[in-house]
Amino acid sequence: MVTGWHRPTWIEIDRAAIRENIKNEQNKLPENVDLWAVVKANAYGHGIIEVARTAKEAGAKGFCVAILDEALALREAGFQDDFILVLGATRKEDANLAAKNHISLTVFREDWLEELTLEAPLRIHLKVDSGMGRLGIRTTDEARRIETTIAKDNQLQLEGIYTHFATADQLETSYFEQQLAKFQTILTSLKNRPTYVHTANSAASLLQPQIGFDAIRFGISMYGLTPSTEIKTSLPFELKPALALYTEMVHVKELAPGDSVSYGATYTATEREWVATLPIGYADGLIRHYSGFHVLVDGELAPIIGRVCMDQTIIKLPREFQTGSKVTIIGTDHGNTITADDAAHYLDTINYEVTCLLNERIPRKYIH
């Protein structure tokens, strides 16, 4: 995707916020527990390479990604000796590529290990489905069989075992406790404990520090976003959001009563009013459902009117502004703030989706 460096729409990523979130989390971890930075999905929309650099500077001991390509991108960017774990499924035919690049892979099927021809040692993390229902082995028998298969091949190493909690971001903990108990049953069934046992995502690491095991996978909260609104007031420290989204007015005009804007003419002025066109649209991740939401102009709320277009969006202004005036879509302006949580609430989704939708057509600028 082409990045729009010659368009006045941009994202600012505050590296100091990322560092502070990591440091605050590390301060509450036992000394022997590593923090791995989860940088999948372009670092949740924040930019994988720059975020990885920032996280490493702050003390992260490794990285988690979703797909092998993300791991390879980190290696190509200079992270040659860092621990990298692919959390998602990897094709069997790509095992050698991972092995040659010293990338750890998730395994959750016995048949995946059959007839592997490896040219370099491959490090495996066994995924346990303790109740998430996506990927993972579910019984002690499966775990022992896979452990035996790995032990027979001197090119395979069972480096880790892990699970993922479905309800760690909820205050009610009964299902979380069921998952933890199931995982521990499978863990204790192994003859040899792997080097890395890890279960905690952001929510679990914040609310359940006792289950840190050997490492935590610090994702959404590294970016200063709460795993869920339900636990926002129960967090052990204040999270600092790292992402802000800005644009500028490229056209300002006055509408007369009866004038309509955008596709479908869904918005019609009932009085004389000022509107501005913004150079951002659903092709950038500002999806059509943002229509009716608001932005900040000089610290004042300005509603998005009409339908969001592919490349442009129209807002109603509180008064006349000059072309080129700055507009805050996510972030703070003159003491007022629009958060990713605010957008998520309006869109009936979660803050993860809000930032992940912001694609690479919008340039990222890194500050602090």
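The backbone N, Cα and C atoms fix where each Cβ goes, and this holds for glycine too.
The active site, proton acceptor annotation in Swiss-Prot covers LYS40, TYR263. Under the heading N6-(pyridoxal phosphate)lysine, Swiss-Prot lists LYS40, citing sequence analysis as support. Positions annotated as substrate binding site by Swiss-Prot: ARG134, MET310.
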For LYS40 (active site, proton acceptor) and MET310 (substrate binding site), determine the Cα separation and express it in whole Å.
26
For each of LYS40, ARG134, count the other CB atoms within 10 A of its CB; which of these recorded positions has the top count?
LYS40
What's the CA to CA span in angstrom from TYR263 (active site, proton acceptor) over to MET310 (substrate binding site)?
11
Counting only residues 6+ apart in the same chain, whose Cβ is under 8 Å from the Cβ of MET310 (substrate binding site)?
GLY281, TYR282, ALA283
Cβ atoms near TYR263 (active site, proton acceptor) (within 10 Å, other residues, all chains):
11
